[in-house]
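Taken from TrEMBL, the feature domain 'ABC transmembrane type-1' covers 96-306. If you look up TrEMBL, you'll see 12-30, 102-123, 135-158, 178-198, 237-265, 285-308 marked as transmembrane segment.
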Amino acid sequence: MTFYVFKRISQSLILLFLVSVTSFFLMHLAPGGPLAVYARNPHITAHTLHVMEIRLGLNLPIWQQYVRWINAWLHGQWGYSISSGLPVVAIITSHLGATGSLMLGGIIVASVLGISIGTIGAVKRNTVFDYISSFFAYMVWAMPVFWLGYVLQLIFGIDLGWLPIAGQSNFSNPSLKSFVVHLILPSLTLGGVSAAGWSRYLRSSLVDVLHQDYIRTAKAKGLPPRRILLKHALRNAIIPLLTIIALDIPFFFSGAVLTEIVFSWPGVGRLFFDALQSQDYPVEISVIMLTAMLIVLCNLAADLLYAVMDPRIQYEK
């Protein structure tokens, strides 16, 4: 187990290094370069641009620029936003709370709906509920996140008028209740697609487990059906789903980009979209690196969690 963890951490570090190199070089190969925004400003002279290049080290060879940047980034010096002039660390930190709450809401929605629908669908296999839930699951699973958001806005926000369709809270009367109400539709949007997929994975896995010999043995011993389902069948059926759930965590982060745009949610996703439009390279590359780190950590967590849940897996080999 120790050797496997060391091996996976080493692979993760190499992957993060490749992501950082690729992102850094692509940013510098973009039209106009890192100073493109300033170059379009008629009030900034060529001499001023030249001085800025020297101060930022843009006149150095590209590999030296990368070494300077990655060294500073690893020490928490992520630079300053081109658009606002504020430290990138402060900007991203101020948006993490909104994105974190949206991700948490999406994960809760996906877990509750996905596990509940998948379990009921497996227990009531080939019934009306199973057919209807399968139809809607595949339909939602095939939907782009932004389209699902627009559909929910149209139904629950515009037609029925039950829920707000934009913002994080009421500006005139901000409160916890207002925040939760504004969070419902974005959470349903972000978690709905994953819930559809998780329900299909769990249903398939649980149907297979329910036909295993140890389940028949448990039934023959007279164990209550509820105990058989929850303690024996569901626990084993959910193991393959754990990997999917862990690997889907980065989706919640990346999917927040579109969700936050649709619902005007002031999170990191919306920040990244605005940075792309304004060519704010320090913000862009920092968000990319954070996303890459999240993906790598979730991959590692998925492998370790799988080992804990299923002792048959021997990582020592």
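Just so you know, glycine gets a Cβ as well, placed from its N, Cα and C.
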**Request:** Would you mind listing the long-range same-chain contacts of the transmembrane segment (12-30), meaning Cβ under 8 Å and 6+ residues beyond its ends?
**Result:** 36, 62, 65-66, 69-70, 73, 279, 281, 284-285, 288-289, 292-293, 296-297, 299-300
**Request:** With Cβ distances under 8 Å as the criterion, find the stretch in 102-123, 178-198, 237-265, 285-308 that has the most pairs with the transmembrane segment (135-158).
**Result:** 178-198
**Prompt:** Same-chain Cβ contacts of the transmembrane segment (178-198) under 8 Å, 6 or more residues past its ends?
**Reply:** 101-103, 105-115, 117-118, 136-141, 143, 145, 148-149, 152-153, 156-157, 163-165, 167-170, 241, 244-245, 248, 251-252, 255-256, 259-260, 262-263, 265
